[in-house]
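Worksheet for the structure shown next.
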Amino acid sequence: MSDPCSFSSFSSCLTKHLNLLLHVDFDRHVIRGKVQLTVEALEDRFSVLTLDTRDLSVSSVTVNQQPAGFTLGSKHSFKGTPLEITLPSHLSRGQQVIVEVAYETSPSASALQWLTPEQTAGKKQPYLFSQCQAHHCRSMVPCQDTPSIKHTYYAQVSVPKDLVAVMSAVRDGQEVDPQDSGRIIYRFRQPVAMPSYLIAIVVGALESREIGPRSRVWSEKEFVDKAAFEFAETETMLKTAEDLAGPYVWGQYDILVLPPSFPYGGMENPCLTFATPTLLAGDRSLSGVIAHEISHSWTGNLVTNRTWEHFWLNEGHTVYLERMIGRCMEGEMFRQFKARGGWKDLQDSVNTFGADNPLTNLVPSLQEVDPDDAFSSVPYEKGFALLYHLEELLGGPEVFMGFIKSYIQRFAYSSVSTDDWKNYLFFYFKDKVDVLNKVDWNAWMFTPGMPPVQPQYDSTLADACIALSQRWIKATEQDLCGFSESEVKNLSSHQVIEFLSLLLQEEPLPLTHVKKMQDVYNLNASTNSEIRFRWLRLCVRSKWEEAVPLALKMATQQGRMKFTRPLFREVFTFEKYREEAVRVFVAHRAAMHPVTSGLVGKDLKVDASGH
């Protein structure tokens with residue numbers, strides 16, 4: 001068995017535990033580290049251990065405290081550099097050794113973003129955060145960087161005494177650094193085995209507030225009270241998820257609100273979900289992101305995709321569970337409404353990639369494909385659509401949720417492939433195999449483009465959005481005076497998002513129409529980032545020049561890729577402002593997360609030198 005995104009073979013040996021000693025150096029933007037890996041041989045006469053690294057400088061390696069020879073192989077464009085360690089003596093199957101690697105990260109490590117004080121809310125202290133999914137942990141820790149291997153970890157992190165460190169683990173105390181009284185060592189333990197991509201670290205001027213019996217919210221003090229208020233429903237969601245999926249095994253469930261440059265809506269790091277500050281808009285649309293990250297505690301963190309080719313097992317099931325939580329809390333109509341919106345997101349992704357692009361397969365081949373380039377809503381929404389289709393075929397939500405809960409129990413603490421999932425599905429529904437055999441598995445799994453079946457979602461909550469969008473599309477100049485503020489006032493924020501999404505699927509509206517829409521609805525005043533993002537795209541698409549600076553401002557004031565990439569692309573497509581889009585990107589690139597700047601650079605056809 002191997003993983004196309006990793007150099008480390010998981011058929012010859014397994015990492016069981018990591019012990020991390022990290023020294024965070026804000027002056028040089030590096031982490032100096034020692035990692036001790038407990039490695040177990042899976043075959044006899046095992047003698048060479050290969051670890052994943054990326055831009056690490058390795059100073060020494062020992063095996064059971066004896067010096068060991070090591071070589072770094074040649075560098076691969078996105079997989080990094082294999083570190084080959086020759087063991088002093090052969091191991092037999094089942095034997096374990098402790099391999100210690102002393103190393104330092106590069107200032108440009110792809111997992112780490114170092115923020116200057118100016119890039120934080122408080123403006124006084126620097127900040128560091130990591131993002132290891134999918135294959136970036138190797139730039140922070142030499143390891144078997146594949147989701148097929150799960151291990152526990154313990155960490156000790158030395159940071160300047162004015163800063164606080166948190167990790168994707170349970171806090172285990174702190175002490176003054178014996179080497180330097182100006183620093184504190186924070187300790188963490190993660191007793192539940194998990195894949196390397198879930199190792200996470202944040203260091204900054206952090207504060208926390210308790211928001212539930214097992215939850216705290218962490219952020220800079222500027223955001224902490226607002227975040228505590230916004231995430232007040234966390235325990236209710238956790239309990240709802242436990243009723244659906246089984247006990248929560250990770251102990252603590254904390255939420256960390258990051259600075260604006262964090263590239264994702266959320267990241268399901270165990271014990272410490274990362275969340276974008278774009279959620280702090282004073283509306284309930286954030287509950288979907290938190291329900292999603294909570295759901296990952298079961299699908300993703302407890303049962304994990306074996307390689308990134310099976311990413312839909314993480315994301316499709318998590319979207320399914322997230323929408324089941326929404327069903328419990330808001331009702332079935334709400335779940336149907338969200339499912340409809342998801343189908344549109346899938347259409348957008350398929351259109352962006354092209355309907356015959358193999359990256360729109362539910363199970364793509366990632367041979368020589370950078371997993372960051374493959375990231376899209378396909379695994380989320382094509383995955384959800386398949387699970388929803390199966391739910392309809394097999395007896396409805398209660399019946400199918402029974403399967404999901406059983407699947408989680410069966411594969412808890414392990415990593416699975418699509419075949420494992422499918423075999424268990426056939427085993428669980430052995431009395432309905434004739435139904436399962438009628439599913440066009442090849443079309444769902446291995447064929448690009450939209451799924452072979454479009455589920456018929458209930459349109460009750462969407463009808464008002466559809467009717468209003470159609471009125472705007474068909475309106476003549478004379479009809480424009482017939483619109484009124486109450487049309488949008490009567491919609492929920494979810495419905496306003498849907499209304500704008502529907503308009504974005506059509507030909508651009510005439511400029512007179514979007515100007516009238518602003519007069520009547522005053523959408524420029526919206527602080528809900530999901531609404532603002534769609535509204536600004538709509539304006540730029542209709543060539544409203546006053547919206548261009550607003551769109552570029554939103555694209556650079558936060559770095560959530562879901563917003564930043566389409567906003568830049570939209571301005572870039574507006575011929576008159578193409579150079580302005582490039583200029584603004586080049587001016588802001590240094591402050592962006594490395595993954596974001598790399599992908600926006602590709603979108604705008606700008607190379608690393610800025611041309």
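Glycine too: its Cβ is placed from the backbone N, Cα and C atoms.
According to TrEMBL, the feature peptide binding site maps to Gln131, Cys132, Gln133, Pro263, Tyr264, Gly265, Gly266, Met267, Glu268, Arg560, Met561, Lys562. Shown in sequence order, Pro263, Tyr264, Val595, Thr596, Leu599 are the residues of the chain, 6+ apart in sequence, with a C-beta less than 8 angstroms from the C-beta of Met561 (peptide binding site).
Annotation comment: TrEMBL describes His292, His296, Glu315 as Zn(2+) binding site.
In the structure as shown, the Cβ atom of Glu293 (active site, proton acceptor) sits within 10 Å of 25 other Cβ atoms. The active site, proton acceptor annotation in TrEMBL covers Glu293.
Sequence-distant neighbours of Tyr380 (active site, proton donor): residues of the same chain at least 6 apart with a C-beta under 8 Å from its C-beta are Trp312, Glu315, Gly316, Thr318, Val319, Gly342, Asp345. If you look up TrEMBL, you'll see Tyr380 marked as active site, proton donor.
Among the features that TrEMBL reports, domain 'Peptidase M1 leukotriene A4 hydrolase/aminopeptidase C-terminal' is placed at 460-604. Per-residue pLDDT, averaged across the domain 'Peptidase M1 leukotriene A4 hydrolase/aminopeptidase C-terminal' (460-604), gives 95.
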So which other residues, same chain and not among His292, His296, Glu315, have a Cβ within 8 Å of the centroid of the Cβ atoms at the Zn(2+) site?
Glu268, Glu293, Ser295, Thr299, Gly300, Asn314, Thr318, Val319, Leu321, Glu322, Tyr380
Relative to the Cβ position of Gln131 (peptide binding site), how many further Cβ atoms are located within 10 Å?
24
Can you name the residues of this chain that are 6 or more positions from Gln133 (peptide binding site) yet have a C-beta less than 8 Å from its C-beta?
Tyr197, Leu198, Met267
Tally every other Cβ atom lying within 10 Å of the Cβ atom of His296 (Zn(2+) binding site).
24
Near Glu293 (active site, proton acceptor), which binding-site residues out of Gln131, Gly266, Glu268 have their CA within 10 Å?
Gly266, Glu268
Whole-number answer please: how many Å between the C-alpha atoms of Gly266 (peptide binding site) and His292 (Zn(2+) binding site)?
8
Quick one: pull the CA-CA distance for His296 (Zn(2+) binding site) versus Glu268 (peptide binding site), whole Å only.
6
